[in-house]
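**Q** Here it is, the structure, as structure tokens.
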Amino acid sequence: MAATTDVKKVSILGKESIHCGFHLIPYIVHTVLTELPASTYVLITDSNIAKFYLQAFETEFDSNLSGLSNGSHARPRFLSHIIPPGEMSKSREGKAVLEDFLLLNKCTRDTVILALGGGVVGDLVGFVAATFMRGIRFCQIPTSLLAMVDSSVGGKTAIDTPHGKNLIGAFWQPEFIFIDAALLETLPPREFSNGMAEVVKTAAIWNDSEFNSLEARSAEIFAAIQTPSTNHAGRSEKTRSKAQELLLSVIIGSISVKAHIVTIDPTEKGLRNLVNFGHSIGHAIEAILTPTILHGECVSIGMILEAELSRQMGILSQVSVGRLTRCLKAYNLPVSLNDPRIANLPTSKLITVERLLDIMKVDKKNQGNDKKIVLLSRIGATHEQKASVVPDSLICKTLSDSVTVVPGVPSFNPVKMTTPGSKSISNRALVLAALGSGTCRLKNLLHSDDTQVMMAALNELKGARFEWEDGGETLVVHGGRGSLSVPTKGKELYLGNAGTAARFLTTVCTLVQKSPTDEVETTIITGNARMKQRPIGPLVTALRANGSEIDYLESDGCLPLSIRPNGLKGGTIQLAASVSSQYVSSVLLCAPYANASVTLELIGGQVISQPYIDMTIAMMKTFGIEVTRRTEKGTGKLLDIYDIPKGSYQNPPEYSIESDASSATYPLAIAAITGTSCTIQNIGSSSLQGDARFAQEVLARMGCEVTQTATETTVHGPPIGQLKAVEEIDMEVMTDAFLTATVLAAVATGKTRIIGIANQRVKECNRIRAMIDELVKFGVDTNELDDGLEVIGKPVNELKKGASVHCYDDHRVAMAFSVLASVIPDTILEEKRCVEKTWPNWWDDLQNKIGLEVKGIELSTASVSPSTPFASSKSVVLIGMRGSGKTFIGELAATALQWTFIDADNYFETANEIGVRQFVHDNGWPAFREAETKLLKGLLSEKSQNHVISLGGGIVETPAARDLLKNWVSSGGIVVHVARNIEEVIEYLGLEGSRPAYGEPVSEVFKRRTPWFAECSSHRFINHVEAFAEGKMVVDPADTKRGVRQEVARFFNHITGVSVNLSQNLTPGRRSYFLSLTYPDIMLALPAIEDLSAGVDALEVRVDLLRSKEEVDPQGKHIPSQAYVADQISALRRVTSPPLIFTVRTVSEGGAFPDHALEEAASLLNLAINLGVEYLDVEMRLPEQTIKQLNARKGFTQIIGSWHDWSGRLKWDSFEAQAMYDVAARNSDIVKMVFTASSMQDNFACQTFSTKTNARPSAKPFIAINMGAAGQLSRILNTTFSPVSHPLQPSRAAPGQISFAQVTKALHLIGDLPAKKFYLFGSPIAHSLSPTLHNTAFDILGFPHTYELLETSGIDEDIKNTINSPDFGGASVTIPHKMNIISLLDRLTPAAKAMGAVNTIIPQTEGGSRVLVGDNTDWLGIRGSIATRIAVGQIHAALVIGAGGTARAAIHALSDLGAKVIYVWNRTRSRAEEIRTSNAEANIQVINELGSWPNGTTPPNVVVSTIPASETSLQDEPDRLVYPNSLFAYRDGPAIVLDLAYKPVETPLLKLAKMTASNWDTAQGVEVLLQQGYAQFEKWTNRRCPEGPVSKKVWEVYHSRA
Ligand SMILES: NC(=O)c1ccc[n+]([C@@H]2O[C@H](COP(=O)([O-])OP(=O)(O)OC[C@H]3O[C@@H](n4cnc5c(N)ncnc54)[C@H](O)[C@@H]3O)[C@@H](O)[C@H]2O)c1
């Protein structure tokens, strides 16, 4: 059988050891057995390959070996061993496994190993062979294309270590390399492309003609591996197909080059470095992206970047870069890091210029610190016969995404240059030559995305054949005479964002004729997302009307289109030509091939861009078809009707494409703006292009000297700063040049009005908007017009430096702003690569031909999340509509912060000695606004610290005041917009008249100011009072009022950092949880919010699930409005204070927010920061810019950087998981990673990953969980912010989510939460409510603990044993042990010390041993009961009745609340005096008579009684204390009386308060008991007590006993 095999042999190192052919297995076995006699043959392969080929080898060996006589020796053995596929096998461990296999099988030195596999098997097995028994023979049988053309040839063998790839290895030459190309038929296509990268590389450095063939024949080469060869076809030359011949020649061609180079330089001393082209940068990329992105894919990008480097150095032409790019793309290889396959990877965020340069330091080619890179000089040749030294600065420039131009005088002044071929002419010429008959050589063709897309599409339609000549300077088009076919199945014409191609090809596709062999019925044209928004409607309408069958596959009026192959009918075609002249050109170009001659009538008003139509007609004439434009009889006036005869284009042998006139505007404009001179060759007055008029019609009018011959244009600019504005210029005939004119107008003296360019709104981007938005960054004002814009010029030195220009992926925006950058320092042009469309080497030409230095800038440097800022004492400014509650909120805020409140109106009156109203009356509004602004300036400098400043509603009316506010924000200050529903404002203002009236409807004022308030503020406080769900009020207004007070305190304390509202349980060693609220309307959750939030540390608002009634969308995907979200958050805030997590979960991460709505997501996340939300979930898949921006302004909001994988693809032990963690850790305060579990094992992997990562120094809090039922264990084990659900909720936020109580129970079951016993020590305690309180709470939260009574009259053995028992969880202590117990404790808290009494024992572990801590929460109970009714700092005076332990607690609480004076009354005065002396720092006054206060003082607004109610009365009774009415003399505001007695339900004191004073609130002892119990509970368990349900239960029991 082997005899019928034809192999081609390639020699390496003087030996013909590379044998190539098809279906070689019998040949290989035969050759090995005859040429390499051995005792043992060991075949090693991976499991993927074994599946296909191992059996064939086994059978072949068995049959050959069985035939061998065994003579005196044992018959040779055949052994095989299978390793796991993938790079992981290429390790020290993998090597050891193989060695053990060989040793175990007693393999000796005469063993021959066969490495059957890709590069992994080849490298590993080769290295084993090199060292086993000091080296044994081996053969390479590569199965992947990469291994065939690269890794198997040259004798390099190696394994990887965690320090890097291929770091340990040897040169060890195989005896034979058998290349069986039939093995490629099972190779996955992506692996084939991976290998093609190396093939393309080899041709690029060595062999031009080989490259030509690769470039032209990609489809055939792919076909060769995609069509299975049956019956061993190809084994002999006779049976070999054309495709097989081609494939083999490609492989052999590549191998031969490598073999040649290896033979000259076997150990990589110089020449062999050439095969490293693309690898210096490629390897660095691979180091970051491996294993997700394959070696060849990284090298492909590396080749382009290294080619660009060469171009930048003036060594390589753009033509070659373009060809290389197109060729790699043809093999489905990525050519830029922006390729979606890479840009969408989490790891791609780790690619930074700095990191790449750092990795490149470790490269065997380098000379010390100098990096060496293989520089291409043309396709098929390198600059040197080795790698060349390249400075880091140049590499950095190539790698960076953005550039900056160093302003100055162009060093090549006077500049003389040509610009790239015109895009319009290139595209037209391509269509004409492709449709024509004969061969046409196109010269100066633009090598750009547009032309490339056009060529690829024409190729796909089999409309023409293309070839390159002169190293790619000339494109040879073999015309197809208008014969076109439907592309093959599965192929769509993908046009990216190439507008011209889309327009032209739409009509071209209608020319396609049906053929019986067509597999598909229609031609589909599609493009990228932006392309799918650009209009094509008028053209499609016209073609449809003419009988073509065209369908829109997505949105009407846009691509993608499906076009039936019916040919173009012809006759009269009516076309609306007011949007794009390209529609007209499209029809004109194809019209000769219609079935009948065409009369094209342009309708629908003014025809746009006539010069482009004229250009098409002129070019058609050159290709032999004459179009006639009709004229009006009599007048001779030109009509918009064209007659096109039937016919076929005759290709001229050569057609030279004019340079691009739009591109020429940039160098000319640089001459204009820098006061220098520039000549553009190849464009003059005879040009076909409208933009050729730019010099005469724009630059000359702006003050430049312009000379134009038929073929050349020269511009000499006036001295810098002397360009003149053009009052009005209609640029309709040169629309593309308007961007250039706009940037010049920005520095011209006066206002320039540019019109006639409305169509520029539907180009690559909305260009008018883009120019306006970007000019703002330079401080240049503009006005948008219906069909253009006005630019108000400014002197050059007044433009802002350092603007970072977003280019909208639009080449013209980038190039136009580079003109401005040539005079404005530090301007950054983002997305430098967008110039590829028309002038790919613009930045190189700017430096190398014009002489302005261009530097690389990296925008995406690792966005390190700033750590939480320090608390700021910078004053807070409040703005908002009059009547929005600024004063009310401001006073509360000042109280909460303990800062000073200033009302600017009052301040104004004091400062100006005149009321605001009067001032306006006397001086008018403008004068008032001026004075107000001045006052604001003064306030911000004089009261810059520790003030809350409320400003007048109209402050935002003047730009100067707005600037002051914006500056305040940008310098780290806080400006809060107090927002209130406008109806409420109007109602409120109706009642109020002390301030000047508006003189216009309030709603108008509101409309005007709203955007200003937003623009000037950093935060927003929503101040409406009601919360409605389904039209019903859901929260008691009294609760809301209290809620507002609490919320003001929380909001201002948090945003200033004075007291942040973050969870304490995020520290190591503690557990924290959050509840996901999954309601469409959170109001529905409010009544049960207490129950829902039991146990958790935070509440997550799933913003993506919010839906207002009006916004309900059956599709599920939806974007809630900002207003609705803000209302929801503020309503929630009024009833509950745990920190919120604000989450906008996208569809691809398991939520409902549309993935593509990136801007909307960013604005919602920004809204959350404005609303003072504590935690912000930011998906790490969001654009880098958004993540950076949020980090930059987050203040005290913490960012949770999250990743969610639903596919189950991601594994915790993968490199990717590590990279994802690193990305999130860099960009956030808390890391969240959620994968999907398929087995229990995944939970252990998750746990191992998080334990390892948490052990890192300064590790961030880390949420690591698995979704799905199989992942529940991970939710239990996770310690940080475990998401939990609640049975009361309508739905769970994610599959596998369990409730807090379930988690607690589970933790107990797995032994992580032992059951503890808690006690009450005291006597008598039989009726205590404490057991009810604590046991209810334990039960609700799922804790296994119990709370019981331990009644003893003294501190006895019982108590001692109890507190020393290991299951002792803690105790409450009451009368009579509060003081005596202290002797048993190790330590007291400051509060317990201050009161000299303990009511709570907390066992704690300190330094490894258990200590008992005595605390006192009685005072917290009292404090809590008062603070919910009266704000801190609002207690003028308080009265405490009694002088026992509880009175001490009351005094402690009152001083903490800032009571200005505390009166104490006690029957025995001396005990009251004792209290006074032991609380020296509080202002205590002992009084003799209850109800009488020192003269001239305000009576107390807080009264606390600590004596038993049974000893008091309202009437004169013996031995009873009688309360006088005067206790409640205070009537001016909120006041509270607290009776600490439990019985009766209404004590005499409370009764008296209710009878005498309506402003007095009352609170019973049970409330204090509850409050102190909550505090106790939290201290014992680190969990907030579920107050709502617990208090309900306690009150129930209390009332049932009363
Ligand atoms: N020694 C050198 O000079 C040199 C040069 C380049 C690359 N390398 C090394 O080569 C390795 C990469 O080689 P690779 O790309 O071949 O990777 P590989 O060996 O991992 O093969 C790629 C994948 O394709 C599968 N596969 C291979 N052939 C197949 C076939 N015929 N049918 C079905 N599946 C098939 C493999 O099982 C694997 O999953 C890297 O480790 C790299 O460092 C070495």
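Note that Cβ sites are derived from N, Cα and C of the backbone, with glycine treated the same way.
Summarising the annotation, TrEMBL assigns active site, proton acceptor to E268, H283, H1204. The feature active site, for EPSP synthase activity is assigned by TrEMBL to C834. Look at TrEMBL and you will find E198, H279, H295 tagged as Zn(2+) binding site. Marked as domain '3-dehydroquinate synthase N-terminal' by TrEMBL: 82-193. Look at TrEMBL and you will find 195-366 tagged as domain '3-dehydroquinate synthase C-terminal'. Taken from TrEMBL, the feature domain 'Enolpyruvate transferase' covers 417-846. Among the features that TrEMBL reports, domain 'Shikimate dehydrogenase substrate binding N-terminal' is placed at 1320-1401. Sequence annotations record features per position, and here TrEMBL assigns domain 'Quinate/shikimate 5-dehydrogenase/glutamyl-tRNA reductase' to 1437-1514. What TrEMBL lists as domain 'SDH C-terminal' is 1565-1590.
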**Q** Starting from the Cβ centroid of E198, H279, H295, the recorded Zn(2+) site, name every other residue in that chain with its Cβ within 8 Å, sequence order please.
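**A** Those within range, site residues removed, are L146, D150, A197, K201, G278, G282, G296, C298, V299, G302.
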**Q** Near H295 (Zn(2+) binding site), which active-site residues out of E268, H283, H1204 have their CA within 10 Å?
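**A** Of everything listed, what lies within 10 Å of H295 (Zn(2+) binding site) (Cα to Cα) is H283.
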**Q** What does DSSP call H1204 (active site, proton acceptor) in the simple three-state scheme?
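**A** Strand, per DSSP.
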**Q** Are there residues at least 6 beyond the ends of the domain 'SDH C-terminal' (1565-1590) whose Cβ is under 8 Å from a Cβ of it, and what are they?
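**A** Non-local partners: 1064-1065, 1070-1071, 1090-1091, 1093-1095, 1097, 1138, 1318, 1329-1330, 1333-1334, 1336-1337, 1340-1341, 1343, 1345, 1369-1370, 1372, 1399-1400, 1402, 1415, 1417-1418, 1420-1425, 1538-1542, 1598.
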**Q** For H1204 (active site, proton acceptor), which of the recorded positions E198, E268, H279, H283, C834 has the nearest Cα in space?
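**A** Closest candidate to H1204 (active site, proton acceptor), judged by Cα separation, is H283.
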**Q** Looking only at C-alpha atoms, tell me how far E198 (Zn(2+) binding site) is from E268 (active site, proton acceptor), rounded to the nearest Å.
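**A** Just about 17 Å between their Cα atoms.
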**Q** Say we define neighbours as other CB atoms within 10 Å of the CB. Which of the recorded positions E198, E268 has the fewest?
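**A** Candidates: the recorded positions E198, E268. Fewest Cβ atoms within 10 Å: E268.
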**Q** With Cβ-Cβ distance below 8 Å and at least 6 positions apart along the chain, what are the contacts of H283 (active site, proton acceptor)? List them in sequence order.
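**A** The answer is C298, V299, G302, I359, M360, D363.
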**Q** According to DSSP, how is the domain '3-dehydroquinate synthase N-terminal' (82-193) divided among helix, strand and coil residues?
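**A** Residue counts for the domain '3-dehydroquinate synthase N-terminal' (82-193) by secondary structure: 50 helix, 33 strand, 29 coil.
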**Q** Tell me, by DSSP, whether E268 (active site, proton acceptor) is helix, strand or coil?
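**A** Going by the DSSP assignment, E268 (active site, proton acceptor) belongs to neither helix nor strand, so it counts as coil.
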**Q** Pop the Cα-Cα gap between E268 (active site, proton acceptor) and H279 (Zn(2+) binding site) into the table, whole Å please.
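**A** So the Cα of E268 (active site, proton acceptor) lies 14 Å away from that of H279 (Zn(2+) binding site).
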**Q** Using DSSP, how many residues of the domain 'Quinate/shikimate 5-dehydrogenase/glutamyl-tRNA reductase' (1437-1514) fall into helix, strand and coil, respectively?
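**A** Summed by class, the stretch gives 25 helix, 19 strand, 34 coil.
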**Q** Measuring CB to CB from C834 (active site, for EPSP synthase activity), give everything in the same chain under 8 Å that is also at least six residues away in sequence.
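**A** The answer is C807, Y808, D809, D810, H811, V813, A814.
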**Q** Mean pLDDT for the domain 'Quinate/shikimate 5-dehydrogenase/glutamyl-tRNA reductase' (1437-1514), rounded to an integer?
**A** 90
**Q** Provide the three-state secondary structure of H283 (active site, proton acceptor) computed with DSSP.
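**A** Assignment for H283 (active site, proton acceptor) reads helix.
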